[in-house]
Structure formats: structure tokens, C-alpha cells
Amino acid sequence: MKDQRVRPAWPRLALGALSGALAGFAALAVAELVAAAARPQSSPVIAVGGASIDTTPAAVKDWAIRHFGTNDKLVLQLGILAVLTVLALALGVLAVRFRRVGAAGILFFGIVGAAAAVSRPDSTGLTDALPSVWGAVAGALLLYVLAGRLTTVRRPATPASDQETEETEAVPSASRGWDRRGFVVAAASAAAVSASAGTVGRSLNASRGQDASASRKRVLLPSPASPAPSMPRRAGLRIPGISPFVTPNNDFYRIDTALVVPRVDATAWQLRIHGKGVRHPGVYYFDDLLRRGLIERDITLTCVSNEVGGPYAGNARFIGVRLADLLAECGVEPPSRGGAADQLVSRSVDGMTIGTPVEDVMDGRDAMLAVGMNGEPLPFDHGFPVRMVVPGLYGFVSACKWIKDIELTTFDSYDPYWVKRGWARKAPIKTSSRIDTPKPFARPTAGPMMIAGVAWAQHRGIDKVEVRIDDGPWQEADLAAEDTRDTWRQWSLPWQATKGGHTLTVRATDRTGAVQTDQRTRTIPDGASGWHSVVVAVD
Ligand SMILES: Nc1nc2c(c(=O)[nH]1)N[C@H]1C(S)=C(S)[C@@H](COP(=O)(O)O)O[C@H]1N2
Ligand SMILES: [Mo]
């Protein structure tokens, strides 16, 4: 039998693509609205994004951090939206001929989003599937209706029979063979409804964080029972271009896997301490912590993903509860005194797990559950209401933000998040130094200038910094006064710059006498090593 269908002409295919895009937009808008009303983390874009962060090989993630820095998450979300747009356009074109198939395609992606949301580590159950499901149903219906307008013949004589048919009838003329008015009305109303769903979702989302913001504003940090040793006046050099000794909160690097920054209401927060060898498991509330004698310390944090010369290190004044005291109260003993657990696993509200040696947090160093940073409650980005900070260890093995649970266990029996992805179980911070000024490829004029930067070897302390110009001898730099061995030290070296290209290289020696190695290693598995060099062209 001869096929009586009219092949859809390209303008209709284009309108099909438009329908697909509108349906995809509607699906996402409805999903965002439902997610905003329920839980922002259950939005399909966030869930799929989170799942892709967790399954990205360490090398790719490292590459993304290197190229996009802290914008990596934005790039990921834009990438997901780009992929969804292409899929939606394709489904729209498909729907011009097979509208059930097009609609089913949207439902299929809804199922993918729902599965991702339900299987996230911080999922609160099957209800996390709802945003994807409702979004997909809305998108599928819309595509079905729009594609219907594109394939329906409107019979002028009987307007009542505005009944959809699956393209089975021959149409008099391809250009007149579809319901223009119906399409325009449906498309315009869909766009309007989606836009308002998006707007309502936004404002819902904004108001959701209000309890958390209000609880943060109400926090009054007590003055510490044990204040930070007074910072030597000469800890901060006044050299243009050098990293300030204290990193302001707004400039402090942020590294985490959270696509939506958790906004935790401090009044509803609690921390559980339990596990192997915990004789008195405990639950602590935020106010409990504030009522204890707090310690205040300057501590330099460093990310293991920091490349040689990279920006992921910052120094802040933290205030919080000494972790060893809490653990002792719960009856925990370190392994060296016969304790059963050698690994402390901290869990965050967003499902992160971080493993820290129990011995390290109980060896007398200022490991703490921090509640404040540089004189204010922790910023949301940096873990409000409570995070862990352990001097001397990279953040991925110590600095759990938005912490809610501490479990004592063993390294043999449990691998936390990063270890499962190929990073080291234990990772003390490597002795490092960085040239802050001059910047790479700077073009200073010949004459006197300052070479300056920072060096860190947390919990060992920096003893010496040396700078080499081209292949010259190592020259000892001037060190700013040491605040504590848990903080970085600024250094500087005056230089008579001569015309031409020069390579400046820096290396540090820590207080154990170990000289920073020139052996270059990658950041994976336990941190980059090697000397930082800067090439300049002096005019
Ligand atoms: N909940 C949670 N805590 C986390 C992380 C994370 O991804 N999620 N990243 C860790 C890493 S790798 C580092 S380097 C520090 C960074 O802390 P900052 O963002 O406050 O600088 O947080 C640590 N704590
Ligand atoms: Mo990190």
C-alpha cells in the first residue's frame, strides 16, 4: 500500500525542534519548582550533576579544576543543560512524525533524573524522584500536544472536530496541514507557564534558606577560653602582590563537591559521635558547642588539588571546640594508647565522607570543630554551622564542612569518598613555597624590585626559604615573623633585575630540616611536589 503520509517539510521540522526545546524547558521548570518546594538537591540537574561529579575519574576532575578552577561546577551545569537542549531538539524533531516516541523519550530522561536523585548519598528517599517525574510528565504532555498541532488538519467546515489524528491522512497542502493557531497558543502558554514556574521556584528557593540565614545571623561567637597566640606584628609584610597573611573569608578558596551549598539551620543541627571504641556515644547540639571553652587558632588550610604555584591555600583565624576533648569525653583512646579505632570518618549533610587518623587529631595539635572563621560564624560556603579543621593535613583527609556525624572505625574496614576515587588514605601537607610576585610572564623594568611569596609546611613550620635566579646560587630570602608552625610564612628577596628573560625559582626548608623536593609529582594521590618557577621578561 502506498504511504499516504506527507513528509513533514523543514519548517515543520524546525517547529518540531522548537516544540522539543519548549517541552524540555517546561520539564526543567516544573522539576525546579517541585524541587524548590521539596528539596533543592533533588532537582534533576543537580542530581545528575552530583552523580557525574562522583563518577568522574580523578584525572578528569583534576583537569576540570585546573582549567575551570572554582567555576568547574558552573561549567558542569552548563554542559548538562547543553546536552539536554540537544536531546530535547532531537526529540522534538522526532515527535513531528512519531509523537508518542518523542513524548516517551522525555519520560525516559525523567526516569534517568529520578534514578540519579534517589541514589544520591544525601537522598532522603523516593520523594527525591518527584521533581524529575513531574517535570518529565509535564514535558512529555506538552510535546505530545505541540506535535499534535503540527500534524493535525483543521477542517474549516467543522471546527468542533478539532480532534487530533496521527498524521494518517493526506493533507491538501503541506503548508496548510497543521494547526497554526493551536500551535502558537499552546507554545506561548507553555513558555509563559514554564517561565512563571521557574520564577516561583526561584523565590521558593530563596525563602528556603531563610531559617538557616536567620540562625547564622543569631550566632554570637563567645570569646575564646584559649585565645590565639598574639600574631607577631611582622607576620605580615607590606609588599604589593604578596598573599595577605590572613586570607579574608570572601577570598578564601572553596573546594567541594556541592552543586547546591548546604544551608543548615544551626538550631536544628546535631552531631553524633559513635563507632568502634566509643564508650559513651554522644549527640551534640550547636549551643552545646558554643557553651564549651573554645580555642582560637590561626591555621593555614591547603587543598591536595593545589598544583605547584597554585591558589588553593588560605590562612584564617578559626574558633571552635578542641576535637580531642570531645573524643576523650566519649571515651575514645588513640591507637597509641590501645584505642580500637585508627580512622575517624566525618560525614557531612551532603553525603561527603572524610577519613582522618585518630592518632593525629589526638596528638596534641589544635584539631577542632570550628564554628567561626576570621571573627564571624563560618560562611555557608565554608561549612556553617560546624566544620572540622586539622593543622597539617590536606583538606580532603581532615576538613569536613557541614559536618553532622563522626564515626570511629579503622582504615582497614572503611574507605571514605576520595580514597574510593584513587586518592591517598593519609595525606600530610607537603612542604611548599610559592612566588606571588612578580607574576608569571610579567614585564618589569630593570632595576630594584621585590620577589616575594608564601611558604607552608603546616605543623612542622617553615625554617628557611631560598630563591634562585636563573642558574645562580640559592639566596636566602627574608622571612616574615612566624605566627605558629600551623600557618604559612611570607618571604621576600630584594632583586636588582637586569634586562632580559629570567627564571625565578623558590624552595623551602621545614623545621624538621627537610628541603622541599624538586621531584615533580602530580596532585593525585597525595599532593603535588616540585619547585615553583616564574619566568619574567625584564625590559
Ligand atoms: N562536605 C564537604 N566537605 C569538604 C569537601 C567537600 O567536598 N564536601 N572538600 C574538602 C576539601 S578537598 C578541601 S581542600 C576543603 C576546602 O575547604 P574550603 O572550601 O573551606 O576552603 O574542604 C574539605 N571539606
Ligand atoms: Mo581539597
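For all residues, glycine too, the Cβ spot is worked out from N, Cα and C.
Database features (TrEMBL):
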TRANSMEM  74-94  transmembrane segment
TRANSMEM  101-118  transmembrane segment
TRANSMEM  130-147  transmembrane segment
REGION    155-174  region 'Disordered'
REGION    203-234  region 'Disordered'
COMPBIAS  203-213  compositional bias 'Polar residues'
DOMAIN    260-414  domain 'Oxidoreductase molybdopterin-binding'
| field | Spatial neighbours of the region 'Disordered' (203-234) far in sequence, C-beta under 8 Å, 6+ residues away | value | 33, 36-37, 40, 245, 263-268, 290-291, 293-298, 317, 319, 371-372, 375-377, 380, 384-385, 480-484
| query | In terms of Cβ proximity under 8 Å, which residues at least six beyond the ends of the transmembrane segment (130-147) contact it? | reply | 16, 19-20, 22-24, 26-32, 34-35, 38, 42-44, 47, 91-92, 95-96, 99-100, 102-104, 106-107, 109-114, 116-117, 183, 186-187, 190
| remark: Looking only at the domain 'Oxidoreductase molybdopterin-binding' (260-414), mean pLDDT returns 97
| Contacting positions for the transmembrane segment (101-118) when only residues 6+ beyond its ends and CB under 8 Å are counted | 20, 23-24, 27, 31, 41-44, 47-48, 50-51, 84, 87-88, 91-92, 94-95, 125-126, 128-129, 131-133, 135-137, 139-141, 143-144, 147
| remark: Summed over the region 'Disordered' (203-234), the DSSP helix, strand and coil counts are 17 helix, 1 strand, 14 coil
